[in-house]
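**Q** Pulled these features from Swiss-Prot for this protein:
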type: CARBOHYD; residues: N78; note: N-linked glycosylation site
type: CARBOHYD; residues: N177; note: N-linked glycosylation site
type: CARBOHYD; residues: N277; note: N-linked glycosylation site
type: CARBOHYD; residues: N434; note: N-linked glycosylation site
type: CARBOHYD; residues: N687; note: N-linked glycosylation site
type: CARBOHYD; residues: N715; note: N-linked glycosylation site
type: CARBOHYD; residues: N762; note: N-linked glycosylation site
type: SIGNAL; residues: 1-30; note: signal peptide
type: TOPO_DOM; residues: 31-562; note: topological domain 'Extracellular'
type: TOPO_DOM; residues: 584-641; note: topological domain 'Cytoplasmic'
type: TOPO_DOM; residues: 663-858; note: topological domain 'Extracellular'
type: TOPO_DOM; residues: 880-947; note: topological domain 'Cytoplasmic'
type: TRANSMEM; residues: 563-583; note: transmembrane segment
type: TRANSMEM; residues: 642-662; note: transmembrane segment
type: TRANSMEM; residues: 859-879; note: transmembrane segment
Amino acid sequence: MILMNPKTSKILWLLGFLSLLSSFSLEIAAQTTQNINVLFINEVDNEPAAKAVEVVLTYLKKNIRYGLSVQLDSIEANKSDAKVLLEAICNKYATSIEKKQTPHLILDTTKSGIASETVKSFTQALGLPTISASYGQQGDLRQWRDLDEAKQKYLLQVMPPADIIPEAIRSIVIHMNITNAAILYDDSFVMDHKYKSLLQNIQTRHVITAIAKDGKREREEQIEKLRNLDINNFFILGTLQSIRMVLESVKPAYFERNFAWHAITQNEGEISSQRDNATIMFMKPMAYTQYRDRLGLLRTTYNLNEEPQLSSAFYFDLALRSFLTIKEMLQSGAWPKDMEYLNCDDFQGGNTPQRNLDLRDYFTKITEPTSYGTFDLVTQSTQPFNGHSFMKFEMDINVLQIRGGSSVNSKSIGKWISGLNSELIVKDEEQMKNLTADTVYRIFTVVQAPFIMRDETAPKGYKGYCIDLINEIAAIVHFDYTIQEVEDGKFGNMDENGQWNGIVKKLMDKQADIGLGSMSVMAEREIVIDFTVPYYDLVGITIMMQRPSSPSSLFKFLTVLETNVWLCILAAYFFTSFLMWIFDRWSPYSYQNNREKYKDDEEKREFNLKECLWFCMTSLTPQGGGEAPKNLSGRLVAATWWLFGFIIIASYTANLAAFLTVSRLDTPVESLDDLAKQYKILYAPLNGSSAMTYFERMSNIEQMFYEIWKDLSLNDSLTAVERSKLAVWDYPVSDKYTKMWQAMQEAKLPATLDEAVARVRNSTAATGFAFLGDATDIRYLQLTNCDLQVVGEEFSRKPYAIAVQQGSHLKDQFNNAILTLLNKRQLEKLKEKWWKNDEALAKCDKPEDQSDGISIQNIGGVFIVIFVGIGMACITLVFEYWWYRYRKNPRIIDVAEANAERSNAADHPGKLVDGVILGHSGEKFEKSKAALRPRFNQYPATFKPRF
């Protein structure tokens with residue numbers, strides 16, 4: 001017998017009581033514990049889901065307060081063979097039926113693709129209550145589309161965080177107005193179903209592609225290909241390791257201001273990279289403060305450490321919530337007692353068991369605390385649950401600057417709360433703008449004044465109507481651009497093999513974003529590229545020719561006759577004048593030799609040499625020469641001169657009139673028909689231009705109609721009646737364009753506009769050339785050059801528009817901008833600037849018209865003749881006055897001097913000394929007086945010498 005200490009006995013009694021109490025509690029708990037059967041289907045590589053479900057089971061065992069025991073059967077689903085997976089599921093399900101352990105719930109954590117759709121098909125066909133964490137929004141789960149109302153209550157889907165996080169890209173694109181984007185993702189995200197829905201109804205050109213896994217070189221090539229698609233906004237969805245690999249594969253030049261990089265991850269760490277200079281936007285999840293303690297407990301106590309924490313916490317909370325939902329339904333009596341379970345082999349396509357099971361209602365009402373974020377579940381029965389339910393959490397937005405291979409600065413500038421169409425919450429808008437890539441578009445153009453002209457002093461090296469237009473559009477749409485000329489100088493034409501050149505080819509090859517210039521909208525171009533609304537009026541083809549001009553001359557009247565003719569006329573004038581003087585001097589019947597005979601005539605005209613010159617000159621004028629010589633021989637000479645002068649004057653007058661009017665009477669080419677009918681002037685458009693295409697196609701169309709006519713006319717199978725009906729159709733098809741196209745080919749099409757202008761300017765009367773081209777180009781050349789003119793009316797009119805890539809978002813943006821400028825009359829101001837106020841416009845003389853009179857440029861020489869004649873007369877007057885005033889006059893002598901001189905005259909008869917005639921008396925003296933008298937008649941009476 002053992003004696004106990006009373007104190008020891010008391011302790012033993014207390015321990016026994018506690019043991020009994022514990023056993024009683026366990027027995028009570030065992031009686032209230034709810035057992036449920038769950039079939040867990042998970043993909044092979046979805047470790048966070050597998051680990052989370054395992055932790056849930058441990059968590060429930062250690063927390064008996066839940067009163068829940070889960071009998072879990074697991075299936076690892078392969079992602080490539082639906083048949084194998086379906087057999088595995090059916091076998092597991094059949095076994096549970098045999099054991100009478102049919103699953104209350106199918107917990108599906110397959111992600112997407114074959115595995116997910118196989119599970120959805122299985123559960124939908126057999127009517128099994130399912131809670132799925134598969135990826136996809138409404139309509140993405142093909143096997144769960146168009147569910148009836150009953151199935152919508154027990155086939156539920158909650159989107160995992162990795163399916164919600166890509167929606168942040170949509171929010172960023174909208175907030176920052178991004179027009180292009182490349183989205184690279186790794187295996188931690190599933191994007192197959194996001195291609196159409198992610199940026200739907202947003203004017204953002206984007207590419208979604210998986211990150212190249214082969215190596216750094218492959219990733220570099222991948223990024224280079226994306227750059228060739230003219231993308232400068234990059235989004236990286238992946239683990240921190242994947243983000244680092246991509247960043248280290250990027251060329252340093254791609255971190256400049258015209259590029260933007262965004263890294264988005266499910267992990268909570270920091271980015272490490274060997275980049276020397278990079279600034280990126282970094283988004284990572286951030287647990288709500290109120291849940292951090294619970295998450296820490298799960299990580300430390302229950303070993304919920306699988307990365308990423310966000311996914312692990314989601315799967316944990318989803319599994320726990322799902323199990324508690326089944327428990328609540330079972331204990332509340334909401335679970336049907338006569339659940340029918342159909343084996344896979346018994347399913348015949350339309351015998352799915354009918355369920356009266358509202359799993360959705362109980363699932364949304366569970367109030368169990370979460371470990372990372374709350375569940376945002378659709379509670380309204382009228383709204384779809386699947387594709388709209390998810391876990392709500394925050395993503396922190398950071399500006400991350402990497403210098404020298406490490407993050408030197410990380411600043412939080414906002415946050416994004418997970419959701420569909422959730423907006424960014426930005427704290428620092430200025431920093432957010434700095435993360436935006438400068439939108440720079442590549443423009444290719446063709447120099448064509450006044451639309452595009454080179455100017456080294458201009459900001460972009462070019463000026464013109466289109467440069468001003470694109471600058472106005474850029475101010476509205478907010479972008480920058482680079483501009484360069486296309487190598488071949490062509491807007492774009494398609495050859496016989498369907499190959500394009502010029503700007504069109506650049507746009508098709510994605511080497512250009514915008515085609516700018518005087519580019520016509522053509523049907524075949526619209527097949528491969530897009531055009532904006534027209535920014536200019538309809539422009540057709542017209543004709544440019546050299547302006548006809550006759551050289552003007554002040555002495556035009558002298559050019560009527562050639563120099564040799566003028567010299568001959570002058571020689572005839574002097575010869576006739578000299579001959580008339582000789583005849584008058586030697587003819588015994590002339591006035592000077594018969595003064596007594598003609599002393600009573602009113603006209604006493606002595607034809608000395610001076611008088612003969614005057615007579616012949618005045619005879620050529622309407623005034624006439626005056627009195628003719630008295631002798632017959634002189635009159636014959638005068639008559640001959642008059643006849644000669646009449647013929648010369650008549651010929652001169654006729655030629656002068658012809659010279660002044662013939663240039664204005666030439667019939668010019670006034671239309672395309674006139675050009676086609678003549679053969680003197682060659683004509684052609686630019687090689688490869690739209691005008692060339694027009695004439696070539698018109699020629700081909702005429703040829704096609706000719707072939708049709710020929711086939712009908714020469715068809716021997718036609719009956720006489722049928723042939724008679726075609727009798728009126730002899731040859732109604734015009735060959736106008738066929739002949740014109742042949743003439744153009746013979747004339748050789750110019751390669752450039754400068755060559756065409758040079759050929760027009762070098763045109764002569766024998767080898768003329770006319771250029772056919774766009775009316776705007778030709779009209780501008782006319783405005784800037786006085787030797788060119790526009791001929792005829794425009795034809796084949798087409799609008800000018802800006803070209804963009806087919807399907808480009810720029811089309812709608814530019815359309816809105818152009819319409820805005822049109823409403824503001826800004827386009828009219830540009831026309832005014834470049835067509836009326838341009839400094840390059842030439843000030844040309846008014847072209848001559850047939851109704852205009854003779855210009856001063858051609859007749860002004862006669863006024864010069866008048867002024868020269870009047871000037872010579874004035875000079876002669878001065879000389880006469882001088883001669884009269886300062887010549888040596890005869891002196892007056894007295895009688896004594898006269899007597900002395902008379903004595904001297906005897907020795908020198910007939911000599912004039914100091915105005916006195918020295919002579920002698922008698923017959924000889926009288927004869928001397930008679931001979932010298934005419935000589936002194938020219939002196940005034942006061943100064944006549946004394947005899």
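Positions of Cβ are set from backbone N, Cα and C atoms, glycine also.
For each listed feature, how buried is it and what is near it?
**A** For the recorded site, N78 (N-linked glycosylation site), the DSSP three-state label reads coil. Cβ neighbours of N78 (N-linked glycosylation site) (same chain, under 8 Å, six or more residues apart in sequence): V44, V84, L85, A115.
Look at N177 (N-linked glycosylation site): DSSP puts it in coil.
All protein chains shown were included, and the count of other CB atoms within 10 Å of the CB of N277 (N-linked glycosylation site) stands at 11.
Proximity of N434 (N-linked glycosylation site) to non-local residues of its own chain (separation of 6 or more, Cβ distance below 8 Å) is seen for T279, V399, given in sequence order.
Contacts of N687 (N-linked glycosylation site) defined by a Cβ separation under 8 A and a same-chain sequence distance of 6+ are given as L749, P750, A751, in order along the sequence.
The Cβ of N715 (N-linked glycosylation site) has 11 neighbouring Cβ atoms from other residues within 10 Å, across all protein chains displayed.
In the three-state DSSP assignment, the secondary structure recorded for N762 (N-linked glycosylation site) is coil. In the structure as shown, the Cβ atom of N762 (N-linked glycosylation site) sits within 10 Å of 11 other Cβ atoms.
Same-chain neighbours of the transmembrane segment (563-583): 590, 607-609, 611-613, 615-617, 629, 631, 633-634, 637-638, 640-641, 644, 648, counting only residues six or more beyond its ends whose CB sits under 8 Å from a CB of the stretch.
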**Q** Nearest to N277 (N-linked glycosylation site) in three-dimensional space, by Cα, is which of the glycosylation sites N177, N715, N762?
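**A** Closest recorded candidate to N277 (N-linked glycosylation site) by Cα: N177.
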**Q** Need the DSSP three-state call for N434 (N-linked glycosylation site) to compare against my parser.
**A** helix
**Q** Which residues does N177 (N-linked glycosylation site) neighbour through Cβ under 8 Å, counting only same-chain ones at least six apart?
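**A** Counting only residues 6 or more apart in sequence, the Cβ neighbours of N177 (N-linked glycosylation site) under 8 Å are H478.
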**Q** Under a three-state reduction of DSSP output, how is N277 (N-linked glycosylation site) classified: helix, strand, or coil?
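**A** Reduced to three states, the DSSP call for N277 (N-linked glycosylation site) is strand.
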**Q** What mean pLDDT score does the topological domain 'Cytoplasmic' (584-641) have in the model?
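**A** Here the mean pLDDT over the topological domain 'Cytoplasmic' (584-641) amounts to 78.
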**Q** Measuring Cα to Cα, how many Å separate N762 (N-linked glycosylation site) from N715 (N-linked glycosylation site)?
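**A** That comes out at 51 Å between the alpha carbons.
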**Q** For a three-state summary based on DSSP, what are the helix, strand and coil counts in the topological domain 'Cytoplasmic' (584-641)?
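**A** Once the DSSP states are binned, the topological domain 'Cytoplasmic' (584-641) shows 26 helix, 0 strand, 32 coil.
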